[in-house]
Amino acid sequence: MHVLFRLIRPRTLPLALAAVCCGNAIAWHSSPASWRSSVFLLSLLTALALQIVSNIANDYGDGIRGTDRHRAPNAPERLTAGGQIPLQHIRRLLAASILAALLLGSTLIALSLRHPQQWLAFLLLGSLALAAALTYTLGRHAYGYHGLGEISVFLFFGLLGVQGSAYLQQGSCPPEGWLPAAGCGLLAAAVLHINNMRDIESDRQSGKTTPATRLGFERSKTLHRLLLTTALICYAALAPQIPSGLFWLTALPLAATHLHRLQTATNPAAVGRELPHIVRLALAINLLFGSGLLIDSLIAI
């Protein structure tokens, strides 16, 4: 059980929750009467299932490629490469997680949407999300090996995750949701970028291309600051429209501390220690932003 727990990488799961919570807060603020708790719960479960698919596929894909043989000593141990779980067991777990994601996603679509055109559109989007979760490291043309991981998480943990969650609640994408959706996606990209900075040397040895391997250590720090700063600007830009959405500013000290530690880090191992901090920061910002929207809605009632 402990090994299985490590395989699904629970520390990364808050990223999936952040997008759904942000999108549902936007939907509540836009149309409280159409918000349904059942849709919210199913959205959370579906997002978690997709994240677990991605985590298992990532462990398996890197393991069978031999990438994880070059992992730095400070990096978390991968189970496929370490031989702690037989390959056939990992394949079965991956298949089970895919089945769970398909069942949850199909139920969510059936419960949320009324028209066949909407079903088809979200079945397509859901299929793309599942394919993205699998092909980050799996397959001959795994996009994670070609420097496209950050773009993918921006789209699926940001624009699609947030606005898709809002659409499932109210049948449309609120115009005010695009900026926080972009902010959420940029935070998710920052999380992955920290992970790639930690693995910069081992990725180079294994031939894996990421923005970090292309830019080098110091310039990767600059990219991370840009991702995080731009994300905060996206949330702040909504302030004239929804002032209470600025509750997330209470997380600024966490962001400042994180950036200071990143700036003073002298090696990838030190950057890697920031991974849990940036995950918590991303979740905190989205929960605080969403809380502000909920308070604004309650005041308006």
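The backbone N, Cα and C atoms fix where each Cβ goes, glycine too.
Given the structure is predicted, the values throughout are model-derived calculations rather than measurements.
Look at TrEMBL and you will find 37-57, 93-113, 119-139, 151-171, 177-194, 226-249, 278-299 tagged as transmembrane segment.
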- Message: Same chain only, please: residues at least 6 beyond the ends of the transmembrane segment (278-299) with a C-beta under 8 Å from a C-beta of the stretch. Say none if there are none.
- Response: 11-12, 14-15, 17-19, 21-22, 24-26, 28-29, 32, 180, 183-184, 187-188, 190-191, 194, 228, 231-232, 235, 242-248, 250-251, 254-255, 258
- Near the transmembrane segment (37-57) in space but 6 or more residues beyond its ends, with Cβ under 8 Å, are 7-9, 12-13, 15-17, 19-20, 23-24, 90, 93-94, 97-98, 100-101, 104-105, 107-108, 111-112, 129-130, 132-134, 136-138, 161, 165, 168-169
- Query: What same-chain residues lie close to the transmembrane segment (226-249): Cβ under 8 Å, and 6 or more beyond its ends?
  - Reply: 29, 150, 176, 179-180, 182-184, 186-187, 189-190, 193, 255, 258-259, 278, 284-286, 288-289, 291-293, 295-296, 299
- Cβ contacts under 8 Å made by the transmembrane segment (93-113) with residues that lie 6+ beyond its boundaries: 4, 7, 36, 38-39, 42-43, 45-46, 49-50, 52-53, 56-57, 60, 85, 119, 122-123, 126, 130, 133-134, 168-169, 171
- Query: In the same chain, which residue numbers or ranges, 6 or more beyond the ends of the transmembrane segment (151-171), come under 8 angstroms Cβ to Cβ?
  - Reply: 15-16, 18-20, 22-24, 26-28, 30-31, 34-36, 39-40, 43, 47, 108-109, 112-114, 118, 122, 125, 129, 132, 136, 143, 177-178, 180-186, 188-189, 191-192
